[in-house]
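Worksheet for the structure shown next.
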Amino acid sequence: MFKTSLKASSSSSSSFGCRMPWSWLVLVILSSLSLVRCQVNGGSIPFGDSSGAVPLMTQNVDSQLSNLTIDLSQEIKSRSGFCVTDPDAEWEKAFNFSSDLSFLTSCIQKTSGDIIQRFCTVAEVKSYIGSITEKIGTTSYLKPNRNCNFTSWASGCEPGWACSTDSGQPVDLRTSRDIPARTTNCQACCEGFFCPQGLTCMIPCPLGSYCPLATLNRTSGLCEPYLYRLPANQPNHTCGGANIWADVGSSEEVFCPAGYYCPSTTKKFPCSKGRYCRMGSTSENRCYSLVSCKSGTKNQNLHLYGIMFIAGLSTLLLIIYSCSDQVLSIRERWLAKKRDAAVRSVKSSAEARRKWQDAKGAITEHASSHKSHLSFSFSRQKKGTHSEELQTLNQVIPEADDELLSPSPPNASRATLDSKNQMETRHEIENEPVVHDEFDMEDGHRVVTANNSKGKKLNTRSKIFRHAYTQLEKEKAQQQEFKDLTFSGVISMASNGERRKRPLIEISFKDLSLILKSQKKYILRCVTGNIRPGHITAVMGPSGAGKTTFLSAIAGKTLGCKKSGLILINGKNESIHSYKKIIGFVPQDDIVHGNLTVEENLWFNANCRLPAESLKADKVVVIERVIEFLGLHSVRSSLVGTVEQRGISGGQRKRVNVGLEMVMEPSLLILDEPTSGLDSASSQLLLRALRREALEGVNVCMVVHQPSHTLFKMFDDLVLLAKGGLTVYHGSVNRVEEYFAGLGIFIPERINPPDYFIDILEGVINPSGSSRVKHDELAVRWMLHNGYSVPPDMQKSNMASRLLNPVNETNNDAAANDELSFTGELWKDVKGNIEMHQDKLRLNFLKSKDLSNRRTPGLFRQYKYFLARVAKQRLRDAKAQAIDYLILLLAGACLGSVVKMKDQQLGAAGYTYTVIAVSLLCKIAALRSFSLEKLQYWRESASGMSSLAYFLAKDTIDHFNTVIKPAVYLSMFFFFTNPRSTFVDNYTVLLCLVYCVTGMGYALAIVFEPGAAQLWSVLLPVVLTLVATQPKDSKLIKRISDLCYTKWALEAFVIANAERYDKVWLITRCGALKKNDYDLSHWNFCLLILVLIGLLSRAIAFFSMLIFRRK
């Protein structure tokens, strides 16, 4: 064995470092060059002094090289298809010497015509491949062969030298078994060829290389530009030609240097001014205009183009933002102008109508003194009884409403009759054609038809607003004239056809109890009663009395509880979820969209929750009515605001929270402490609005906490709960003092009744007037008063301790629980959590029959509404978007400046950092799409809005960022690094990558809390990239790597760049791709995988949104 002085490949820190684990590949490429057999007259072409022999032989050798393409294309394709997609084209690029055959002519002259006898055979190529792939440390070893061994070492065995076969001996270059004897006529390797050490043959250098004869540097002793030395004890030996062609890390000296171009393998010229030449160039590349390229420029500086690109992109985004904002502002001003004009017109008409009514009344009064029959000339009596008016609503007043349907005294009947006469007169005046000809409506059974035709006529904003404000004026006038009427007294007002008919919902409950599954403890017990349409029911009690739990039980939102008793809807045992389209639930927290205006919040809920067949004019009436009665005129165009950005006041925000449910015209409206945090004036304004809803038949039930006496008298019914969820009183507000007085509890003077009752239930004060009644006995007293059955454990005389913890079984279980072991406690908690999640899944995926008789907009219409809302939110959140773009811009500039796109690694290092940076930044930005609006989504989905429409709208708007962010990043990174791949290729890969990681960000935002989601967004890109770049030494690592999206993104980047490395770069390209298990034909496949991962991530995010949805 003997050592060669082949240059060892330098080690690289990157996983893409290429140290030739691809021996068979080089064998295919080099053997294709050595399969030339040109035998004339016994193995060589006669060479003499004839000048025509050299050109003839040159053309002959060139034609033989060209003919090898057909023979070898299939073999190359089958064995190196992963790095050579088109063998014919690659062959043409690398070994088409037809443009300049001077190096062949020179070699023929130098070798006296025996050039064919100096070409390597397949067997010799195999020996060479073995020598450069078997390595120990940094030194390569060559196996002995027939010509170069321990006993025979011809001068042609030295690097850069070659020999010829014996004269007249034919050479079969295709033989792969035996190495021919080639030890005669040894001389330096020809220019344009390389002669490996340990072999006595030569191989043509590919295009893009520079293979001149070496010159001796007497200082270093090296044969430059190559790195081998002259052999010792051979004074007549000189430097030869090139000695190696492999990857750029091992044979950089044969590559045409950067700043030069090599049109042939023996010629090298410096790049001229205005041109640039990369390493391995065969021609000059023109520099772009505005770029200064001096002579010998290696790569053009595109920083100016990057700045211009980002400037243009920023200008485009600013134009889009400014125009969109301007359009919204102009539209808002235009609508405000139309509204103001409509208000002025309606007020003017109302004033004229008032004057006309006064004059009409005076004339009537004057005429009545002369002729009594004139009193009927100004009124039209409507036919029909009160029961017929109820039939018009298609509703039946529940029998339980004994107060509303109880006989009235004669004077009350008289007042009601007078009120009805006034209402009919009002209707006649309002329908007078002189004042409101465009709003004329017919009476009786044709009213609906007239209403529909009117809706068709309202085809302009002015008419719609005028109709809306006219209707509001009518309702305010009616409310003022009939403000003392109850629900049954305003049935006739609803039967005039001007208002939408709402189905009535009465909720009855009997022995309703809730027990916590985990603790076996009652949180609501033995609650019996009903809440009725047209009434405002207040639920009161001390802290821990189960007020919110009671509302949740009615709304079907309880979790982790075992329910007993009955809840009846209109007397039927049906699920409350069957009526969710006409049920409004106002949570205690003000869950509204802060980056929308008050009017936009209301409009969105109205569009998505009102009947699909509702006309635009009807929706405007509803919106304007809610704004009017909630006192939101002054802030209708103001942003609601968030914690970070202040908007409207807290009281106004609370009213908007209620208005979101009022605009959908519910039949049942449940409110959880709507007056908390409001002053007296705001609370009264809110209660008046709810009173108006109740007058239209809405069943209003709300939790209040110690209201003022004025507010307390505005309620119809009261549910008073004690601690433990026991009922103390359930009935009319007007009779609560009478009931407690019957128990000997009298309210002191100047004491607010609700405050006094709650203080008693809290045990703060003892009931006055009687020492026999204790606060913990009030629940039993109520049961006995109404004839309800009293549980056995509550029938004992000494009940104080038991009422606070009412169930005997509970106490026993608690005692038993104290004796449970740690394992038992752990299993109890696990079981409780499992049951809780089971309840969540049951509620989230519960499908109930729709009994609401309301058809709300479908998926596509809701998608349109969501899309418009999210677009407005994104425009108003432009600052956050701009910060995202700026961070991406800085990341691209920093990485583009620091990371060098090294040819040895095909630019893999820069792309590795790109994948990490873009993944991290885009994932964190995608978290905001869902993590910031979880509460809003839970509220909207619980009301029946489409989750799929919400998700698709968010994703659709985020596609804008998916398109823009790759361009922002590449505006710096691409133009700072100027890789060989095109901008379009880089943008395409980055587009798919951003789409992929955005979907992953959705899933993280939905599954985890914001803090944990951010940590995962940072951790995943780094870890997955490290896994993807690990050496593929085992199948397990390879399979794990295939599961990482970073592997496919990095492969796509490298492939796009590797396609531009041809000619002399073939071995470098194939070595890098082989080492990392990449395939040049997989570029589209990599993009497809990224898109599929993005789609899969979105599917996971959507189903997680449904699973983790909180009702």
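Each Cβ is built from the backbone N, Cα and C atoms, and glycine gets one as well.
Where the annotation comes from TrEMBL, it is an automatic prediction and has not been curated.
Annotation comment: TrEMBL describes 1-38 as signal peptide. Taken from TrEMBL, the feature region 'Disordered' applies to 357-381, 401-425. The annotation compositional bias 'Polar residues' is assigned in TrEMBL to 411-420. Sequence annotations record features per position, and here TrEMBL assigns domain 'ABC transporter' to 507-749. Residues or ranges marked as transmembrane segment in TrEMBL: 882-899, 911-930, 987-1007, 1013-1029, 1083-1108.
In the predicted model, the domain 'ABC transporter' (507-749) has a mean pLDDT of 89. Touching of the transmembrane segment (987-1007) and the transmembrane segment (1083-1108) is concluded from the presence of at least three CB pairs under 8 A, sequence neighbours closer than 6 excluded.
Remote same-chain partners of the transmembrane segment (1013-1029), defined as residues 6 or more beyond its termini with a Cβ less than 8 Å from a stretch Cβ, comprise 15, 912, 915-916, 919-920, 923-924, 927, 931, 997, 1000-1001, 1004-1005, 1007, 1037, 1040-1041, 1044-1047, 1050, 1076.
Tertiary proximity for the transmembrane segment (882-899) is limited to same-chain residues at least six positions away from its ends with a CB under 8 Å from its CB atoms, namely 310, 317, 909-910, 913-914, 917-918, 921, 925, 961, 964-965, 968-977.
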